[in-house]
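A.B. asks: To start, I am sharing the structure in question, which I have written as structure tokens.
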Amino acid sequence: MTERVSRLVVVGNGMVGQRFVEALRARDTDGRWRVTVLAEERRPAYDRVRLSAVFDGVDAGELNLHTPDAGVDLRLGEPATGVDRARRVVTTAAGEYPYDALVLATGSYAFVPPVDGTDLPGVFVYRTLDDLSAIREHARGRRTGAVIGGGLLGLEAANALRLLGLATSVVEFAPRLMPVQVDEAGGAMLRRYVEELGVTPYLGVATTALRTGPDGTVAALDLADGRTVDAELVVVAAGIRPRDELARVAGLPLGPRGGVLVDASCRTADERIWAVGECAAVDGVCHGLVAPGYATAEVVADRLLGGAATFPGADTATKLKLLGVDVASFGDAHGVTPGCLDVTYTDPATRSYAKLVLSDDARTLLGGVLVGDASAYPTLRASVGGPLPAPPLALLAPAGGAGAGAGALPGTAQVCSCNAVTRADLDAAIAGGATDVPALKACTRAGTSCGSCVPMLKQLLDAAGVRQSTALCEHFDHSRQELFDLIRVRGISTFSRLVAEHGRGSGCDICKPVVASILASLGTGHVLDGEQASLQDTNDHFLANLQRDGSYSVVPRIPGGEITPEKLIAIGEVARDFRLYTKITGGQRIDLFGARVDQLPQIWRRLVDAGFESGHAYGKALRTVKSCVGDTWCRYGVQDSVGLAVALELRYRGLRAPHKLKSAVSGCARECAEARSKDFGVIATETGWNLYVGGNGGFRPRHADLFATDLSTAELVTLIDRFLMYYIRTADRLQRTAAWIEAMDGGLDHLRSVLVDDSLGLCADLDAAMARHVTGYSDEWRDVLEDPDRLRRFTSFVNAPDVPDPSITFTQERGQPVPVRGTPPDGGHRRQPVVLGLPEVRR
Amino acid sequence: MRPVVTLDWTPVCPLDRLDPDRGVAALVQDVQVAVFRTTDGLYAVDNLDPVGGAYVMSRGLVGSRGGVPTLASPLHKQVYDLTTGRCLDLPGVTLRRHPVRCRDGLVEVRLRQEE
Ligand SMILES: Cc1cc2nc3c(=O)[nH]c(=O)nc-3n(C[C@H](O)[C@H](O)[C@H](O)COP(=O)(O)OP(=O)(O)OC[C@H]3O[C@@H](n4cnc5c(N)ncnc54)[C@H](O)[C@@H]3O)c2cc1C
Ligand code: SF4
Ligand code: FES
């Protein structure tokens with residue numbers, strides 16, 4: 001053996017520990033390190049930053065950050081209990097682990113102030129998935145909750161309690177909310193928002209004791225000013241402390257305020273021991289955010305492989321959406337630089353507050369705070385330490401930062417702080433031929449992490465005079481929206497006329513389905529009529545969903561997921577008789593797989609006879625409106641969510657759109673139907689419905705934004721009508737509602753002004769268009785069955801109508817038919833290598 | 001190279017059974033062939049998608065790219081030049097073409113076979 005394999009022990013498998021191991025393993029191509037990870041928690045690393053998402057209906061599994069790695073021995077539920085530096089071993093209850101290098105990644109613990117009663121049942125901290133499960137469990141059947149601590153974490157916890165249906169209070173010792181991030185005026189604005197959401201803040205007052213109720217669990221808080229706050233559940237979010245206990249007993253030096261003391265290379269006084277993440281006091285300072293933690297992980301991975309990386313310094317800028325309010329702070333937000341000047345701006349009308357901190361000559365931006373409207377954040381954050389990109393007032397006026405634009409930034413300004421990309425880097429990439437945002441992302445990595453700098457990438461392209469083409473494809477110079485208007489205004493009803501008058505060539509698989517969808521939205525007859533048939537994607541052509549083996553799946557429409565036993569039996573009989581693989585989908589339907597083209601009409605016939613129509617489980621159209629069981633059965637329900645879901649699905653079925661559309665309705669704020677992950681989601685309130693728009697699951701999950709509150713059913717339906725029609729008219733091809741709203745000038749507020757206040761005078765037109773859709777709808781499958789001409793298409797072979805396609809064959813898996821898997825004749829083309837994205841460390 | 005053997009013409013269907021710009025599948029001596037009628041004329045290619053491995057090419061969309069007539073796979077949207085069979089998106093992939101003609105209102109295909 002020439003080179004010895006060294007032993008690396010990592011203590012802690014949290015966000016940073018995991019990132020560290022991945023970074024090391026990705027670069028340790030010679031296998032120099034054998035890695036053991038000791039983890040206290042029983043589950044592998046997960047995304048703590050998104051912890052609260054589990055109260056928004058996100059499954060805990062979705063937060064997983066861990067990818068299995070055979071080269072790493074991960075020992076879950078086995079905390080390190082000691083370090084013997086002389087013998088170089090880490091001890092756990094189960095044994096000893098010798099190390100050549102030891103990395104501490106133990107994170108922080110929640111600080112619980114010494115107040116009587118914090119050990120009562122019903123009092124929790126907010127740090128791990130287990131904490132959140134315990135909170136959810138305890139909240140069941142209780143009505144009031146309180147959070148001790150009004151900082152970032154406290155407000156996040158308060159929102160969680162609110163979502164669990166508790167009347168929530170927040171007690172904060174400082175005189176304002178989020179005292180670390182915002183100043184007094186910003187705190188006042190924040191307070192107004194928080195109160196509107198029904199959370200009661202108690203500010204500038206200490207909690208003196210927690211009291212029990214008759215059942216022995218917590219029931220109330222006593223405040224120093226004599227007031228009492230009812231709380232059957234209490235979350236303590238009073239700060240975090242680094243977990244430095246292992247270092248302490250091992251005799252390693254600690255930081256002045258705790259934490260494992262390390263230098264800029266993240267090494268402790270013992271040259272074999274390193275610390276990363278929240279437990280590390282880098283040059284004496286602990287960082288409670290994940291980005292600086294990731295930077296320490298990269299530094300140590302580099303060092304262990306012989307590199308010389310050093311900690312680049314922390315960017316403590318934060319932007320977050322708390323309780324639906326944008327809050328951002330960056331740089332010297334509190335103006336502690338000697339001689340600095342403040343410029344503030346408060347607008348009660350738009351309810352926004354902003355403050356900039358400038359150097360004493362008012363030329364250099366030092367930091368700032370934004371509450372309510374944080375659109376200027378990316379530009380401002382990139383300008384810290386440099387000259388102001390525009391006069392202060394212009395920057396602070398609503399959307400001013402966006403208006404002033406990245407074009408005004410100097411070359412040295414860091415546009416993307418996640419990946420350390422400057423304006424000069426981006427300009428060089430543009431000069432080198434990058435003509436759009438994806439190209440810029442690929443060659444500089446800007447915009448590939450948090451994404452907050454993407455608007456600036458667009459602005460830099462604009463500033464460089466790069467025209468970002470909106471042409472649909474080589475056959476049309478128009479965008480989808482322009483084509484829509486052309487077709488509508490000129491009354492064009494065929495593709496051939498459109499391409500002859502406004503395009504060139506004979507079309508392609510991009511423009512043809514787009515035009516088919518536009519024609520369908522404008523209500524020009526059956527999707528398979530005349531020339532339209534030739535434009536449809538195969539799914540729309542055969543009115544079913546093409547699968548990998550060339551067979552189709554059929555998904556009977558089950559509006560709202562409500563179904564009678566008779567209909568359930570009918571579906572079962574169809575599946576049995578045609579030997580279809582049967583699966584329940586995420587959209588509350590039953591998917592029947594493995595139908596040949598020639599079987600489709602027979603299957604539809606059976607379904608139509610049983611009172612079904614087949615459904616649009618394919619194509620760019622409304623898929624389903626999912627629902628929870630609602631107040632008909634549920635103890636918590638406040639409205640009939642199923643009834644509404646059925647009505648919405650029947651109203652919008654068959655509506656063709658730029659992309660698929662999904663929806664859901666929940667019967668109360670517990671949100672069992674996951675409405676906020678849909679393009680349009682509805683959540684019941686005591687007095688009506690709240691409408692959320694622009695959510696989606698999939699590759700880039702996004703929660704929908706609250707659009708309007710406490711609507712009557714009629715108001716709700718009108719707003720959804722307009723929302724959908726406006727989307728259909730103005731979105732780009734394959735642009736889902738979320739991206740459509742994000743790309744809109746003025747975003748959600750603009751959308752509200754168009755759809756609620758009718759600022760463009762479009763509403764009557766949109767309403768009429770939807771009315772035409774609703775009255776014009778007919779069952780597309782039944783229509784095919786009644787038309788011999790259309791039926792004729794449903795044969796496997798034109799010259800042998802009775803021969804079934806012999807290539808479609810099945811085998812059995814778990815008692816059901818599944819396609820026989822052959823190797824593709826020219827295999828391997830579909831697999832794309834996946835690149836692991838790691839932030840760069842400046843060396 | 002193996003010799004190319006051509007077989008007899010097989011009638012497939014009447015011309016008016018083909019919708020413009022839309023394909024059908026036919027069985028020609030047990031080989032699945034996709035037949036299209038476009039404004040440029042008739043085309044016949046293998047029904048087997050060389051990438052996806054399923055018999056679906058007859059259900060793809062025809063069009064043009066840079067002036068050449070094209071066919072897009074309905075599975076993963078790779079585009080093929082109908083005049084040469086070459087895939088325009090993936091180098092080295094081709095779709096086998098077959099001679100096709102219209103005689104007395106009947107569309108006929110002759111298999112091109114490598115043996
Ligand atoms: C609700 C919430 C919201 C947050 N939001 C944000 C945000 O918006 N932005 C942001 O930047 N940051 C946010 N954070 C902070 C962020 O989660 C942390 O900065 C990050 O998780 C730190 O990673 P870490 O690996 O250092 O610590 P952790 O993720 O805490 O991991 C440490 C792990 O080590 C384990 N451990 C401890 N001692 C031992 C031992 N002796 N043996 C074995 N294992 C041990 C712990 O059990 C834990 O699993 C948030 C945190 C919370 C709780
Ligand atoms: S009404 Fe619906 S959302 Fe509310 S708890 Fe019941 S099932 Fe869940
Ligand atoms: S700033 Fe986060 S990706 Fe650019």
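Backbone N, Cα and C define each Cβ position, glycine as well.
Dumping what TrEMBL says about this protein:
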{"type": "BINDING", "residues": "A:Cys628, A:Cys634, A:Cys668, A:Cys672", "note": "[4Fe-4S] cluster binding site"}
{"type": "BINDING", "residues": "A:Cys672", "note": "siroheme binding site"}
{"type": "DOMAIN", "residues": "A:7-280", "note": "domain 'FAD/NAD(P)-binding'"}
{"type": "DOMAIN", "residues": "A:317-382", "note": "domain 'NADH-rubredoxin oxidoreductase C-terminal'"}
{"type": "DOMAIN", "residues": "A:415-462", "note": "domain 'BFD-like [2Fe-2S]-binding'"}
{"type": "DOMAIN", "residues": "A:547-608", "note": "domain 'Nitrite/Sulfite reductase ferredoxin-like'"}
{"type": "DOMAIN", "residues": "A:619-755", "note": "domain 'Nitrite/sulphite reductase 4Fe-4S'"}
{"type": "REGION", "residues": "A:805-843", "note": "region 'Disordered'"}
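Could you tell me the structural context for the features on the list?
C.D. replies: Same-chain residues at least 6 positions away in sequence with a Cβ under 8 Å from that of A:Cys672 ([4Fe-4S] cluster binding site) are, in sequence order, A:Gly57, A:Cys628, A:Val629, A:Ser666.
Reduced to three states, the DSSP call for A:Cys672 ([4Fe-4S] cluster binding site) is coil.
Within the domain 'NADH-rubredoxin oxidoreductase C-terminal' (A:317-382), the DSSP-based counts of helix, strand and coil residues read 6 helix, 34 strand, 26 coil.
Looking only at the domain 'BFD-like [2Fe-2S]-binding' (A:415-462), the predicted model's pLDDT averages out at 79.
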A.B. asks: Once the DSSP letters are reduced so that anything not helix or strand counts as coil, what is A:Cys628 ([4Fe-4S] cluster binding site)?
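C.D. replies: SS state of A:Cys628 ([4Fe-4S] cluster binding site) = coil.
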A.B. asks: Quick check on the domain 'Nitrite/sulphite reductase 4Fe-4S' (A:619-755): DSSP residue counts for helix, strand, coil, in that order please.
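C.D. replies: Across the domain 'Nitrite/sulphite reductase 4Fe-4S' (A:619-755), DSSP assigns the residues as follows: 52 helix, 35 strand, 50 coil.
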A.B. asks: What stretch, picked from A:7-280, A:415-462, A:619-755, has the most CB pairs under 8 A with the domain 'NADH-rubredoxin oxidoreductase C-terminal' (A:317-382)?
C.D. replies: A:7-280
A.B. asks: Taking the mean position of the Cβ atoms of A:Cys628, A:Cys634, A:Cys668, A:Cys672 as the [4Fe-4S] cluster site, which residues outside that list, in the same chain, have a Cβ no more than 8 Å away, listed in sequence order?
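C.D. replies: Counting only non-site residues, the set is A:Val629, A:Gly630, A:Tyr636, A:Gly637, A:Ser641, A:Ser666, A:Gly667, A:Arg670, A:Glu671, A:Ala673.
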A.B. asks: CB neighbours of A:Cys628 ([4Fe-4S] cluster binding site) within 10 A?
C.D. replies: 28
A.B. asks: Name the residues of the same chain, 6+ apart in sequence, whose Cβ is under 8 Å from the Cβ of A:Cys668 ([4Fe-4S] cluster binding site)?
C.D. replies: A:Gly165, A:Asp631, A:Cys634, A:Tyr636, A:Gly637, A:Val638, A:Gln639, A:Ile683, A:Ala684
A.B. asks: A:Cys634 ([4Fe-4S] cluster binding site) has how many other Cβ neighbours within 10 Å of its own Cβ?
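C.D. replies: So the number of other Cβ atoms within 10 Å of A:Cys634 ([4Fe-4S] cluster binding site) is 16.
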